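Quick look at what Swiss-Prot lists:
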- GLY720, PRO721, ASN722, ALA723, SER724, GLY725, LYS726, SER727: ATP binding site (BINDING)
- 19-42: compositional bias 'Basic and acidic residues' (COMPBIAS)
- 18-50: region 'Disordered' (REGION)
Amino acid sequence: MQEDLIIQKNLFAIGNDNNKQKEKTKIPEDLSLEDLKKESQKRPRQRKNSTNLINKFKTDLISNKKNVCINEESYSYKTVSKLKLTPVMKHYVTLKEENKDRLLLYRLGDFFECFFEDAVLISNLLEITLTSKDAGKEIGKIPMAGVPHHAMDRYCADLIKKNYSVVICDQLEKSSGNYGTPIKRGITRIITPGTVIEEGMLIAKKNNWITAIYLSEENSNESYEWGISKADVSTGELITLEGQSLSKLFDEIIKLDSSEIIVGSNAVRNLLIKGNSQITYTVSQETNFGINEANYLIKNYFQIANLEGIGLKNLKNATRSLGGLLNYLEKINPSNLDKDSSVKISLDFPQIQYGHNKLIIDYQTQKNLEIKNTQRENNYVGSLLWSIDRTYTCMGARCLRRWIDSPLLNVNEIYKRQNIITNFFESKKLRTDTQNLLRAMGDLERLAGRACAGHASPRDLIAIAEGLKKLPRLKSIIELFKYDLPNWTDQLINIDEGLLELADTISFKLVENPPLSISEGGMIHDGVDNILDGLRNLMDDYSEWLNKEELKERKISKISNLKIQFHKNFGYYISINKSKVNLAPQHWIKRQTLTNEERYITSEIKNKENKIFQIKSRASSKEYEIFCELRNIVAEKTKQIRSIAKSIASLDALLGLSITSIENNFIKPLLIPINDSMTKNSTKIIAGRNPIVEQLLSDKKFVANDISFEDNQKLIILTGPNASGKSCFIRQLGLIQILAQIGSFVPANNAEIKIADRIFTRIGAVDDQSSGQSTFMVEMSETASILNQATSNSLVLLDEIGRGTSTFDGLSIAWSVSEYLAKKIQCNTIFATHYHELNYLKNSNKNIQNFQVLVEQNDDQLIFSHRIVRGGSNKSYGIEAAKLAGVPKEVIEKAKSVLNSLEENNKLNHNIK
């Protein structure tokens with residue numbers, strides 16, 4: 001209300017002494033709309049152009065300041081003359097020139113400031129005030145915006161989330177107190193979206209990938225060779241792969257889900273943007289992707305004699321991409337900024353990702369099956385991952401996400417995962433004991449990474465120690481497991497004694513609840529260091545002296561409630577109530593007057609204060625030194641900690657899958673290996689259910705359905721009305737296939753599942769405006785990709801083909817595609833369609849079988865049973881579905897009339913050969 005009143009006063013001069021003058025220009029109330037139109041034509045108003053922040057800054061500066069030099073060069077570090085700048089601004093511009101594509105935060109006193117274009121940008125991004133700073137007599141005012149130094153991490157997190165990289169220039173020494181003496185400043189951190197390790201800048205249950213892409217210089221789209229290397233510097237994971245053709249590269253890039261993608265030139269970036277304009281690429285022209293440089297960097301980083309030992313001997317493009325990634329990380333690594341620093345980015349040996357050892361799920365299939373996010377809203381809730389994730393640690397959640405991205409092909413490895421789920425499934429005590437151990441466990445992968453990078457806090461180290469102390473109890477649980485177990489369980493049974501000793505060392509040196517700040521002391525236990533203990537003894541002596549001094553001054557002044565207190569700005573002082581001022585002795589020196597309090601100092605207190613500060617400073621420095629030594633010890637164990645953390649993560653993921661199985665009545669499937677010549681069995685699922693839809697149906701029971709590809713009947717033609725459940729059914733098979741191949745139990749009463757080498761989906765289609773492709777062309781491109789890449793071991797899920805063209809063209813294409821899949825490729829396929837003519841394919845091809853969604857019609861009312869039964873449907877019930885959707889009755893009646901006419905005059909010949 002107060003704000004409204006102020007606005008009214010300003011606009012209408014309410015309560016203003018000038019009201020009498022305003023009355024002279026009072027607007028007549030009887031003006032008609034025509035009068036106002038004539039007035040506007042008589043004196044037309046000119047449109048005012050909107051101004052950007054820089055122009056607004058100039059306008060405000062000119063209107064509010066006199067004698068200010070306004071030049072275009074004042075607003076850009078690129079055009080400003082360094083010779084005209086103050087020493088501080090000259091240093092800022094020099095650093096900015098070296099970091100053109102990053103925001104530079106420059107420490108000045110208690111603030112980190114930005115200038116020139118960066119100031120305008122961050123004032124907009126962070127919604128902070130844009131102000132100005134004097135850059136020298138000849139330059140005048142320049143734009144400035146800043147954030148408090150204590151809140152810098154929070155603001156950096158906001159910038160990182162908006163995909164900006166940040167350079168931190170901090171003060172490297174304390175102010176000498178001499179005005180005019182420059183303070184030494186330098187770059188202490190470079191933070192990019194792909195290299196953050198701070199907890200507040202990361203998504204706990206998701207990897208934070210930074211990716212480097214090498215692209216060969218070829219002309220043909222299909223002859224382009226490429227290499228990709230991606231790393232999560234917070235967990236140490238490193239994956240590399242290579243391939244051929246731009247189409248495959250574009251698909252891999254979309255699947256990467258990277259926070260930052262590095263390429264070596266604008267030409268490469270421009271080429272990749274054609275594949276997907278929604279992805280941002282960082283062009284690092286100084287990054288070297290040369291093969292010789294890559295060989296040197298990789299061998300030097302991993303301390304190996306050759307590349308053969310890590311599987312890169314014959315993978316030149318993968319090697320180039322990994323070399324480029326390491327080259328980029330080296331340039332932004334803090335250890336390169338400070339040669340004496342012991343910190344580094346620690347990465348594991350690269351995992352070589354081959355197409356032949358994992359189930360391939362391309363981006364389109366991930367999207368269609370809603371594996372990690374829903375298709376329409378891109379939400380986590382409603383995805384496959386949401387439906388099965390019952391993990392207790394962030395490590396386990398990330399592990400499960402990786403498994404879903406790359407399910408296994410090796411049946412023996414899958415069975416070993418199943419065995420752990422079975423152990424948990426059969427024993428509530430094993431589940432409960434493991435849950436209790438994992439529930440409060442910290443993120444050991446990322447905690448170790450922060451220690452290695454020199455950013456771990458005392459609380460981080462305590463969390464590492466607490467996690468490592470649980471290893472013996474985890475060992476006792478694993479030893480109770482039956483059946484054949486994965487190799488990674490060996491680490492949990494044969495525990496590295498060095499890790500247990502490390503946990504004891506951390507607990508011995510650090511207090512249980514250390515402070516957040518590492519510069520103010522209070523984090524190291526007594527008895528850890530003789531020098532620190534000696535300093536603390538002296539501190540105790542001075543504390544005792546202060547207590548005695550307080551009693552002495554009370555006695556002298558006869559003020560019983562007198563206190564000696566401490567303030568960070570004033571130091572130690574005597575505090576008395578204002579009513580006792582008349583009792584203050586003459587040797588007291590007045591320091592500060594407050595509303596109800598007077599503060600004094602004495603020469604004795606001041607003398608002791610200096611000594612107390614010196615001892616406190618030495619003690620804090622000693623604690624910091626001890627802590628840094630301890631952090632370095634932890635950093636040396638980073639690889640061992642991360643290795644055991646990955647085993648814990650796998651255990652957590654399987655524990656979560658066991659809980660999902662119990663909650664949702666999943667069963668253990670029997671798996672049929674690829675190319676199993678001993679059996680002709682194929683996928684057979686009894687009472688299968690869609691794991692996502694079933695959990696979303698809170699008040700309804702999901703209708704389970706069977707499916708079988710036995711007796712070489714590889715292709716199922718599925719017909720039925722719209723909204724009857726066809727799409728749900730074909731997605732259900734894809735989801736069950738993925739669950740089975742990550743080692744999970746599946747939603748069914750019984751299941752035999754043949755291992756698939758790849759899942760293809762063609763479900764729905766929209767036009768692709770970025771590439772200029774129509775809906776039909778997108779549909780045909782996806783179909784062509786399936787026909788050209790599917791093998792007899794693939795799983796193909798089709799939901800309509802040929803809808804975007806004429807009926808005869810569409811039917812012809814659908815017919816031909818079906819025959820090609822059944823006769824030539826012979827892979828397990830479900831084809832949901834409204835072309836009922838395709839049911840006749842069964843008559844001429846023994847590999848094809850017909851199924852339909854059962855529906856009942858009561859007068860004009862459709863009743864969906866969602867039951868899948870053998871046999872083909874001969875009616876789509878499209879008009880009935882339109883009626884259910886609320887289409888006007890007049891339109892429905894007309895549609896019925898047209899349909900009857902078409903059926904009479906355009907009967908199709910079903911004897912197509």
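Note that Cβ sites are derived from N, Cα and C of the backbone, with glycine treated the same way.
Note that the structure is a prediction, hence the values are computed from the model and not measured.
Projection of Swiss-Prot feature records onto the structure.
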residue : record           : contacts (Cβ under 8 Å, 6+ apart)
GLY720  : ATP binding site : LYS726, ALA832, GLN852, VAL853, LEU854, VAL855, SER873
PRO721  : ATP binding site : VAL853, VAL855, LEU862, PHE864, SER873, LYS875, SER876, TYR877, GLY878, GLU880, ALA881
ASN722  : ATP binding site : HIS834, SER876, TYR877, GLY878, ALA881
ALA723  : ATP binding site : PHE864, ALA881, LEU884
SER724  : ATP binding site : VAL853, VAL855, PHE864, HIS866
GLY725  : ATP binding site : VAL703, VAL853, PHE864, HIS866, ILE868
SER727  : ATP binding site : ILE763, ASP799, ALA832
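All protein chains included, LYS726 (ATP binding site) registers 24 other Cβ atoms within 10 Å of its own Cβ. Secondary structure from DSSP puts ASN722 (ATP binding site) in coil. Sequence-ordered, the extra residues of this chain that approach the ATP site, with Cβ no more than 8 Å from the Cβ center of GLY720, PRO721, ASN722, ALA723, SER724, GLY725, LYS726, SER727, are ALA832, VAL853, PHE864.
DSSP assigns SER727 (ATP binding site) to a helix in the three-state reduction.
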